Amino acid sequence: MVCCFGKKDERTKTIEKELHKERKIMRRQINLLLLGSGESGKSTFVKQMHIIHGAGEFTADEVRAYRQQIYQNAISAMRVLLDARNKLGIAWEDPKRQVEVEKVMRFSVGDLLKGIDFTTFVEVAPIISDFWNDAAIRKTYEQRNLFQISDSCQYFFEHIPRIAMPDFYPTNRDILFCRKATRGISEHIFEINKIPFRFIDVGGQRSQRQKWFQCFTDITSILFMVASNEYDQVILEDRRTNRVVESRSVFETIVNNRAFSNVSIILFMNKNDLLQEKVPKSDIRQYFTDFTGDHTLVRDVQFFLVDKFEASRRDRARPFFYHFTTAVDTENIRRVFRDVRESILEQNLKTLMMQ
């Protein structure tokens, strides 16, 4: 019996030791919640963390899955453009293109969700290239703020010959441009300088936001992503609400929530590359009548948008941090997150000292 108790005591001590070790790790762990409207770049940011602070490369299984998703992205985006061209009444540069339309439009949403294999994709790849090179599709694409289409489609259309090769193996850059809506909650842990950083990525569509409240405990910081180039676009859910207005409304709810009174909230004004392309072509004054700067200057537009979000904060004493980012640019994210990481660790140390 004594021997039995001895073994039991040893097991208890081992369990307690493991629990103590686990609690120590949990106290050091930085929990970052990624929030923002759909298509703001949250999942792309997580991919960058994998590249910069994780394995650096994706596994063979992950790459195979991304390859199928890239095929799906290209077909899906061209279906959207073909439908929009028809609705906008834009005539084909080459009338013969019309006979090819059904070869792309035949794919149903169900087909795309099931996945597109190489054999299927290679049949339509030349047709997609021909469509993309037709002036009618280019004119339609120039009016993309009028309909819902992925920002990454141009990248894939321009790389169709490479993507359609039998030995196509997606690069990290291809994977960064690949789009798949986040459903539910996904968690990713990366050890950075011996400190575990836990990233919680939550779907940004309206239907997914009720799940945000499941993630609100033990949060160190919130990284709130905004697609800054979307000032002339409307959301998918109602096709009326301006996307930046929607993002600001969500940000206002989060930044003024009492649950986050001790949580640092960092604003990422993302898709800066696309904003720079858009500003000379799309006058922000048509969508925000209170804009008073030079509508042709990217910097004026950037700070107008930042001010919109900054003004929604009720607690003016709280520090306000923001960064202009391009989530598909690895060096930009490496540099920005280095700065963000230091400010988060500093704030976390202050919080621990107060406990």
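In case you wondered, yes, glycine gets a Cβ from its N, Cα and C as well.
For the ranges 229-234, 241-246, 325-330, the feature annotated in Swiss-Prot as region 'G5 motif' maps to 325-330. Residues 31-44 are the range that Swiss-Prot records as region 'G1 motif', among 17-30, 31-44, 87-100, 339-352.
The feature region 'G3 motif', as given by Swiss-Prot for the ranges 137-146, 187-196, 197-206, 207-216, sits at 197-206. Checking Swiss-Prot for region 'G2 motif' across the ranges 48-56, 102-110, 174-182, 300-308 points to 174-182. Long-range neighbours of the region 'G4 motif' (266-273) within the same chain, counting only residues 6 or more positions beyond its ends whose Cβ lies under 8 Å from a Cβ of the stretch, are 36, 40-41, 45, 151, 221-230, 251, 302, 305-306, 309, 320-329, 336, 340, 343-344. Cα of Ser43 (Mg(2+) binding site) to Cα of Asn270 (GTP binding site): a span of 12 Å. Using a 10 Å Cβ-Cβ cutoff, Lys180 (GTP binding site) registers 11 neighbours. Of the recorded residues, Val202 (GTP binding site) and Thr182 (Mg(2+) binding site) place their C-alpha atoms 7 Å from one another.
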